[in-house]
Amino acid sequence: MPWLLSAPKLVPAVANVRGLSGCMLCSQRRYSLQPVPERRIPNRYLGQPSPFTHPHLLRPGEVTPGLSQVEYALRRHKLMSLIQKEAQGQSGTDQTVVVLSNPTYYMSNDIPYTFHQDNNFLYLCGFQEPDSILVLQSLPGKQLPSHKAILFVPRRDPSRELWDGPRSGTDGAIALTGVDEAYTLEEFQHLLPKMKAETNMVWYDWMRPSHAQLHSDYMQPLTEAKAKSKNKVRGVQQLIQRLRLIKSPAEIERMQIAGKLTSQAFIETMFTSKAPVEEAFLYAKFEFECRARGADILAYPPVVAGGNRSNTLHYVKNNQLIKDGEMVLLDGGCESSCYVSDITRTWPVNGRFTAPQAELYEAVLEIQRDCLALCFPGTSLENIYSMMLTLIGQKLKDLGIMKNIKENNAFKAARKYCPHHVGHYLGMDVHDTPDMPRSLPLQPGMVITIEPGIYIPEDDKDAPEKFRGLGVRIEDDVVVTQDSPLILSADCPKEMNDIEQICSQAS
């Protein structure tokens, strides 16, 4: 390949310009699937934890906690296998994948938000610095999925590192992630002429770029130029999402950790919910308990909704007082080592369900148990959703909430009291792989949520007065297996007796 550098060489930026424009292929290097064992992590701080600086978090060979260089290389290999199938019959002999990192976002002048990497970029390489580009390039004379992986990263800059902390640089990026080559970000421009060639098919998400500035500087001109050729730029996000949909054993282990620590945070939050209690206090308690147990951040702003506010599905103000006799609905999760949890529990803040609360809660719990039993290969989230609506319709009749409803209107009535779906895919994102339809047959390794609810606003004149103002949702995280479903949130209490026992010990 004209611009290929032999992998072991990491030379100054000026020399690298020549390397990208023309150099011999290093035939001794086995690209892509196996990282180079002799590359040692620099004995300095990088732009993210490494086995050298954070041995309490990462073992040797890991890029992120629990995920090795080999795991990341295998993901890239699988992506190029998908591209090989997609590219059959298309013109163009070369294939190039471009994935941008996220930028740093700012809440106000000089005040950044906590950086969060683009999850497609992170999934393929594990590199956690902003302003970076991952390129996967097919190799001349070799069939896909053979390829090389290249990272373009911010150059080391002592003046910026004084303020913002260390950067990995090219040597750190290549040693930590196990990619084949690494260069400074500015050198990416030397790849553009080759990618513009008629023989090169480029895979890049130009419709939804994750980094507006890098898109404007580099990829927008390329996309516009190739729009006039036979080989237009093709999106890659759906292919990556197809891979992300099925979790590896290492990913499931990460999600088990997130589920366990979130479950413990729920228990500790229940312990402290003595009425009256502020929603803001429960919010703070939940976040503290997640972080104290090793979570990096909360996965999303939690819903901490007392009383009638539980009927606002995405209530996140969390600034009211929960009164004695009211329930609280807490929908919360954390992110731990790049993977998230998403759990919902509803409980009485005074430690005792009233009779109407218990009736409604037990109805939702029975529906949830029945839905969990359907989480096996071959069914789908859409199938489970239909069953949930049927079950809700029957429970609404049993509770006297839905009267004189004909069978053909039962679904519509059920949707009134549960206007959301039964669940969604879960992984690196809360609403993971959003382009993947819920009608897909479930497969072992998929992770989903099951979260039925019944919500009865206080002004609903159709419902019996005793139920008005009550909202209940129960949500668990589930791994689909060949056998029975694996409940990642099994440690989080949901039986009424267990909840009352915990809440009775509130301090």
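Cβ coordinates are placed from backbone N, Cα and C, and glycine is handled just like the others.
According to Swiss-Prot:
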- 1-31: transit peptide (TRANSIT)
- 54-79: region 'Interaction with TNFRSF1B' (REGION)
- Tyr300, Asp331, Asp342, His424, His431, Glu451, Glu475: substrate binding site (BINDING)
- Asp331, Asp342, Glu475: Mn(2+) 2 binding site (BINDING)
- Asp342, His424, Glu451, Glu475: Mn(2+) 1 binding site (BINDING)
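Known features from Swiss-Prot, placed on the structure.
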residue	record	contacts (Cβ under 8 Å, 6+ apart)
Tyr300	substrate binding site	Gly332, Gly333, Asp342, Val430
Asp331	substrate binding site	Pro302, Val303, Asp342, Ile343, Thr344, Arg473, Glu475
His424	substrate binding site	Leu381, Val430, His431, Asp432, Arg438, Ile448, Thr449
Glu451	substrate binding site	Thr344, Gln368, His420, Val422, Gly423, Arg473, Ile474, Glu475, Asp476
Sparsest-packed among the binding-site residues, when each Cβ's other Cβ atoms within 10 Å are tallied, from Asp342, Glu475: Glu475
Where the record names Tyr300, Asp331, Asp342, His424, His431, Glu451, Glu475 as binding substrate, the maximum Cα to Cα distance in Å: 16
Three-class DSSP secondary structure - Glu475 (substrate binding site): strand
Other CB atoms within 10 A, centred on His431 (substrate binding site): 13
Local confidence of the region 'Interaction with TNFRSF1B' (54-79) - pLDDT mean: 97
Check: same-chain CB within 8 A of Mn(2+) 1 site center, minus Asp342, His424, Glu451, Glu475: Asp331, Ile343, Thr344, Gly423, Leu426, Thr449, Ile450, Asp476, Asp477
Per-state residue totals over the region 'Interaction with TNFRSF1B' (54-79) - DSSP helix, strand, coil: 11 helix, 5 strand, 10 coil
Conformational class of Asp331 (substrate binding site) under the three-state DSSP mapping: strand
